[in-house]
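So that you can see what the record holds, here are the features copied from TrEMBL:
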- Gly55, Glu56, Ser57, Arg118, Ile149, Arg150: L-glutamine binding site (BINDING)
- Cys88: active site, nucleophile (ACT_SITE)
- His209: active site, charge relay system (ACT_SITE)
- Glu211: active site, charge relay system (ACT_SITE)
Amino acid sequence: MPSLTVGVLALQGGVGEHTGLLRKAAAHLGAEFDLVEVRTAEQLARCDALIIPGGESTTMAIVARRLGLLEPLREFVKVDGKPVWGTCAGLVMLAEEASATKKGGQELVGGLDVRVLRNRYGTQIQSFVADIQLPFLGEAEKPFRGVFIRAPVVDEIIITPSVASQKTPEPVEVMGVFRKVGSTDVDGGSVEEDIVAVRQRNVFGTSFHPELTDDIRIHVWWLKQVLDTARHKGLPVDSAV
């Protein structure tokens, strides 16, 4: 039985780190996946799902345009509706709008009806690691150690013209928030939180870098979504999950 093909966009960023955790997650699930690094439209066309890793989103968009990948990526996400996950710069690329961009703005793939704020927490030297509660992993699960490197956050959930025209638009799901240091709890008053994980239709995005940890839980969860999507489409799946 043929296995599903999962690609990692290999223009820059944590390509090898994502591939390594995908391999461990697949072994954990007892599932077979072909893992490929994607640099061409032909390689993208082979994929059943895709990860867009971290890096520098402006540079990533320029390189994607130069390689003729921007339009195929948009079709992959918005027309074909295949599962896509973006981490950090990948989240920026998958947003419909981005603020705090470089002069002249930047091109985006889109797919998530959100506006992201780039570099929410400052420069590279202001990177940090923090615990995040991610209910989709299971309420009883321990917090996830999120690695934030010049990380974006979801600044606003927006209504795009395409969504407005739908009779029953699928909402953006907030999948995880980061409670900033110094925020008070519910009993003590207001809580200041940043949205750092979202999902809408086939698109998932995280502000932080799960691939820079040894924790495979999000990669396991996402591969399960890939398998579920394949089964829903009637594709043969080599997995007992």
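Just so it is clear, glycine is given a Cβ too, placed from its N, Cα and C backbone atoms.
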Residue pair Ser57 (L-glutamine binding site), the residue listed as 'active site, nucleophile' - Cα distance, angstrom, rounded: 9
Spatial neighbour of His209 (active site, charge relay system) that is closest, considering only the recorded positions Glu56, Cys88, Arg118 and their CA atoms: Cys88
Recorded positions compared (Cys88, Ile149) - the one with the fewest other Cβ atoms within 10 Å: Ile149
For L-glutamine: widest Cα to Cα gap among Gly55, Glu56, Ser57, Arg118, Ile149, Arg150 in Å: 13
Cα distance (Å, whole number) from Cys88 (active site, nucleophile) to Gly55 (L-glutamine binding site): 7
Residue among the recorded positions Glu56, Glu211 whose Cβ has the most other Cβ atoms within 10 Å: Glu211
